[in-house]
Amino acid sequence: MAKEKPHVNIVFIGHVDHGKSTTIGRLLFDTANIPENIIKKFEEMGEKGKSFKFAWVMDRLKEERERGITIDVAHTKFETPHRYITIIDAPGHRDFVKNMITGASQADAAVLVVAATDGVMPQTKEHAFLARTLGIGHIIVAINKMDMVDYDEKKFKQVSEQVKKLLMMLGYKDFPIIPISAWEGDNVVKKSDKMPWYNGPTLIEALDQIPEPPKPTDKPLRIPIQDVYSIKGVGTVPVGRVETGVLRVGDVVIFEPASTIFHKPIQGEVKSIEMHHEPMQEALPGDNIGFNVRGVGKNDIKRGDVAGHTNNPPTVVRPKDTFKAQIIVLNHPTAITIGYTPVLHAHTLQVAVRFEQLLAKLDPRTGNVVEENPQFIKTGDSAIVVLRPTKPMVIEPVKEIPQMGRFAIRDMGQTVAAGMVISIQKAE
């Protein structure tokens with residue numbers, strides 16, 4: 001059997017109106033991956049004889065968005081010669097940040113769309129910081145709307161310089177910068193003849209070269225539980241995605257914070273593992289599995305628990321413990337002060353956490369401290385804070401298990417901040 005092409009998850013980021021949706025639309029249109037329902041609508045409208053026009057498709061997608069149905073960009077797939085690519089989300093979605101952190105899919109790469117007409121705008125910066133905070137290691141830059149600047153090389157160079165400065169400051173290296181016109185279809189899938197001065201890859205060629213994400217099999221086993229089922233003749237079956245490590249039939253696993261909450265080890269031997277209804281002997285990172293554990297009942301575990309090996313159990317932070325985190329405030333109506341208690345979302349858990357200390361305000365670009373012990377932090381600020389959970393929860397320092405160390409903070413139906421765990425302080 002030939003080795004399957006690697007699967008790569010990408011997100012589209014960038015300032016509002018710089019053409020993220022159009023770029024996604026063009027990728028799908030030119031690779032013949034337009035959503036079924038749109039094609040159906042086209043046929044129903046008796047437009048059979050006419051050629052399927054890009055503008056028409058974009059209007060339909062726009063209508064759907066305005067009716068609150070974002071093209072399920074939420075999971076749009078297409079293929080390149082060497083990759084299966086899934087577009088997992090595009091901002092503008094209210095839950096974009098939360099999805100990026102708690103979504104079943106962590107993004108492997110981001111496409112940053114910047115309009116040649118505007119250059120770097122506030123949201124361009126914010127999304128780039130966010131990509132960094134969320135640990136997205138690979139970025140591709142698409143300078144869009146080249147048709148509106150007459151495909152001018154000078155304009156392209158000028159905007160490229162701004163973007164380069166921003167991304168290098170954030171620690172990104174080796175990122176392609178591609179001049180495109182999503183609307184006209186230049187350099188997205190088809191090479192443009194309007195920019196003879198450019199000889200780099202098209203957007204789809206750059207996507208085809210995204211490095212394959214390494215599977216973190218060498219890290220401790222962590223499986224955040226999404227659901228728990230009772231299956232007749234099998235017993236209790238927790239379901240979740242292996243984030244790190246390897247699970248094998250016969251392993252002994254323990255669940256946290258369940259064990260901490262019940263004051264006794266909720267653990268047992270793994271009797272069977274299944275993926276897509278097929279039994280398997282071992283599960284690797286990225287696998288969505290159901291598994292059965294001897295002696296663990298339906299009421300012992302729930303969504304938000306995490307399975308790990310007994311010799312390296314998941315890290316529990318209790319209400320008497322605290323953890324230090326670096327956050328970026330994305331959207332808070334006033335200011336965050338000590339005592340603020342919103343809800344933290346990480347992997348599959350949701351727990352209210354209290355802001356215990358505001359240690360430092362950082363320059364989001366350099367990470368340097370600009371103010372010690374600030375009185376408050378507000379939208380746009382990056383900060384080091386100390387948080388205390390209101391009930392036991394599992395989270396890991398991002399340096400040790402990055403997949404388990406990122407979180408979103410939500411309140412009033414929106415994502416207030418995104419962050420990562422620096423260290424955990426256990427009370428004796």
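Indices start at 1 and increase along the chain as displayed.
Just so it is clear, glycine is given a Cβ too, placed from its N, Cα and C backbone atoms.
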When Swiss-Prot is consulted, the range among 89-92, 121-124, 189-192, 377-380 described as region 'G3' turns out to be 89-92
Expected hit for region 'G1' in Swiss-Prot across 14-21, 30-37, 318-325 is 14-21
Checking 48-51, 144-147, 160-163 against Swiss-Prot, the stretch recorded as region 'G4' is 144-147
Its residues classified by DSSP, the region 'G1' (14-21) shows 2 helix, 1 strand, 5 coil
The number of other Cβ atoms within 10 Å of the Cβ of Lys20 (GTP binding site), counted over all protein chains shown, is 25
Whole-Å Cα distance, Ser21 (Mg(2+) binding site) to Gly14 (GTP binding site), is 11
Lying 6 or more residues past either end of the region 'G4' (144-147) yet within Cβ distance under 8 Å of it, the residues of that chain are 18-19, 22-23, 113-117, 155-156, 179-184, 186-187, 194-195
Candidates Gly14, Met146 (binding-site residues); min other-Cβ count within 10 Å returns Gly14
So Asp17 (GTP binding site), by the Cβ count within 10 Å over all chains shown, scores 15
